[in-house]
2 protein chains.
Amino acid sequence: MSQPSWFTEAHEGSGSSIGYRIERLLHAEKTPYQTIEIYQTTDWGNLMVIDGCIMLTSRDNFLYHEMMTHPALFTHARAKRVVIIGGGDCGTLREVLKHEEVEHAVQVEIDERVTRLAEQYFPELCASNADPRAELLFIDGIRYMAECEPDSLDVVIVDSTDPVGPAEGLFNAAFYASCFKALRQGGILVQQSESPLAHLDLIRAMRGAMRSAGFHALRTLPFPQPCYPTGWWSCTMARKGADLAGFRERGAATKQFATRYYNAETHKAALAQPEFLREALGD
Amino acid sequence: MSQPSWFTEAHEGSGSSIGYRIERLLHAEKTPYQTIEIYQTTDWGNLMVIDGCIMLTSRDNFLYHEMMTHPALFTHARAKRVVIIGGGDCGTLREVLKHEEVEHAVQVEIDERVTRLAEQYFPELCASNADPRAELLFIDGIRYMAECEPDSLDVVIVDSTDPVGPAEGLFNAAFYASCFKALRQGGILVQQSESPLAHLDLIRAMRGAMRSAGFHALRTLPFPQPCYPTGWWSCTMARKGADLAGFRERGAATKQFATRYYNAETHKAALAQPEFLREALGD
């Protein structure tokens with residue numbers, strides 16, 4: 001039996017690293033967009049790595065996927081049409097489809113191989129891919145949003161990699177303007193916004209770009225996510241033509257589907273701003 | 001100029017690791033109790049490591065120290081006498097002394113060298129050590145609590161290393177019985193209780209031992225802490241002869257001292273139980 005080794009992501013920007021003890025490499029390939037590796041870990045199930053960056057583990061992805069989805073969908077009165085940009089592992093799509101008010105959910109992932117590998121190595125995340133309300137497209141999300149019918153969507157979820165490489169164009173005012181145009185009044189854009197501790201400048205820049213695209217109500221919600229730098233992550237919600245002051249608390253408290261992190265209490269908790277974040281963002 | 005290297009703590013129990021990029025080793029010594037190393041990091045200020053385990057960094061210790069202190073002190077009506085078991089870096093002591101209602105705060109650290117090195121490498125944490133209300137003892141905390149005058153304390157904060165080595169005896173019913181006896185009615189014990197994700201069995205065992213020592217009201221409060229395994233940590237509060245349902249929210253909202261994470265909102269947020277934790281602990 002060989003000694004277990006470790007996969008470690010040394011995150012240059014924050015000067016910190018996170019690693020997992022691995023049993024073996026299950027798969028590695030270079031796609032037209034990126035390099036994808038799948039490892040079997042000793043304690044965290046399977047691990048997906050893209051271009052050296054940890055994307056998800058079987059054990060802790062529920063935190064991210066639930067928090068990228070349910071706060072936005074329980075803030076919107078009745079989200080019928082949802083678009084996910086990125087999200088190729090299908091975990092966000094699965095969470096979105098737990099909401100029975102959703103009539104159509106499109107996942108727009110540029111790299112089909114991410115989804116094909118998720119089907120194989122994270123089948124639980126792909127459990128709802130055959131739902132008749134789901135549509136999986138493997139095209140450029142920036143272009144998709146730019147060409148979207150105006151006033152046609154209720155929620156846009158940007159579930160992307162870090163703002164370098166293919167995802168860079170998902171963090172600027174031009175993209176946010178496309179989202180703004182595509183959303184109906186009261187529609188919500190939600191995007192993963194990195195670590196509140198390590199990426200405060202990025203969060204501020206994102207929020208500035210969202211504002212310049214027409215979004216006036218903004219909230220940044222922190223949540224734990226062990227596999228990402230600092231173990232503390234966030235999503236930022238932006239709303240078109242309405243505020244972000246409350247959510248359907250009763251709906252969240254009586255939801256008819258299972259979650260592992262999200263509930264009405266943790267939703268409220270995510271709206272609480274730590275002192276340094278309140279000072280930095282003014283939420 | 002030499003290449004920066006990394007200090008990495010591979011946490012065997014959870015199969016995950018956390019590391020920091022370091023400029024250089026500032027100090028290393030073997031005390032009668034443990035091995036202490038201090039590193040200068042590139043992005044996180046100074047880093048203290050004890051027996052290979054990351055204890056704190058200059059940049060993120062505020063999360064832990066504030067959450068170990070203020071929820072308990074804003075739950076207690078008026079904590080006059082506080083004991084800290086462990087806490088040799090003095091960061092918890094500093095937070096405790098921000099409360100003007102505190103008349104006497106004793107820090108009982110077994111290893112004086114931890115405090116002496118904190119004075120040198122984390123001077124900001126030791127800023128209140130000369131406060132006339134502060135008393136620093138370098139003796140065994142287990143024995144100190146066992147010999148404590150009954151019904152004499154308002155809050156006991158157990159700010160210890162992991163439950164192995166010198167700190168092992170701080171996680172059992174005999175120690176909790178000493179704390180229970182030493183606390184006045186309405187008094188609160190608060191102890192660091194590891195990661196909600198990786199150490200659920202430990203949290204359950206701690207809570208069981210606290211109950212068997214006479215504490216009936218228990219709450220486990222999660223909070224982010226990047227430098228500890230999984231980046232997500234917790235403290236567990238136990239109260240003698242009173243419940244833990246509320247806290248002095250108005251006092252927290254109008255507090256006359258600065259914090260960086262803690263405020264009335266994040267206090268409430270820490271009381272929110274993620275779905276899996278609610279199922280596991282029944283809070």
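In case you wondered, yes, glycine gets a Cβ from its N, Cα and C as well.
What TrEMBL says about a protein is an automatic prediction, not a curated fact.
Taken from TrEMBL, the feature domain 'PABS' applies to A:4-240.
If you take the C-beta of A:D140 (S-methyl-5'-thioadenosine binding site) and look for same-chain residues 6 or more apart in sequence within under 8 angstroms, you find A:V108, A:I110. A:D140 (S-methyl-5'-thioadenosine binding site) falls within neither a helix nor a strand when secondary structure is assigned with DSSP, and so counts as coil. Residues annotated as S-methyl-5'-thioadenosine binding site in TrEMBL: A:Q34, A:E109, A:D140, A:G141, A:P166.
Annotation comment: TrEMBL describes A:H65, A:D89, A:D159, A:S160, A:T161, A:D162 as spermidine binding site. Around the Cβ of A:T161 (spermidine binding site), 21 further Cβ atoms fall within 10 Å across all displayed protein chains.
What TrEMBL records for A:D159 is active site, proton acceptor. The secondary structure of A:D159 (spermidine binding site), as reduced to three states from DSSP, is extended strand. Listed in sequence order, A:M68, A:I84, A:I85, A:G86, A:G87, A:T92, A:Q192 are the same-chain residues six or more apart from A:D159 (spermidine binding site) with CB atoms under 8 A from its CB.
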Q | 8 Å Cβ shell about A:Q34, A:E109, A:D140, A:G141, A:P166 centroid, S-methyl-5'-thioadenosine site members excluded | A | A:Y33, A:G86, A:G88, A:I110, A:D111, A:S160, A:A167
Q: Just name the most isolated of the binding-site residues A:G141, A:P166, going by other Cβ atoms within 10 Å of its Cβ.
A: A:P166
(Q) Show me the subset of A:Q34, A:E109, A:P166 whose Cα is within 10 Å of A:S160 (spermidine binding site); these are the binding-site residues I mean. (A) A:E109, A:P166
Q) Counting other Cβ atoms within 10 Å of each Cβ, which of the binding-site residues A:H65, A:D89, A:E109, A:D162 scores lowest? A) A:D162
**Q.** Euclidean distance between Cα atoms of A:D162 (spermidine binding site) and A:E109 (S-methyl-5'-thioadenosine binding site), Å
**A.** 15
Q: Under 8 Å, Cβ to Cβ, against chain B: pull out the ones among the binding-site residues A:H65, A:D89, A:G141, A:T161, A:P166 that qualify, in sequence order.
A: none
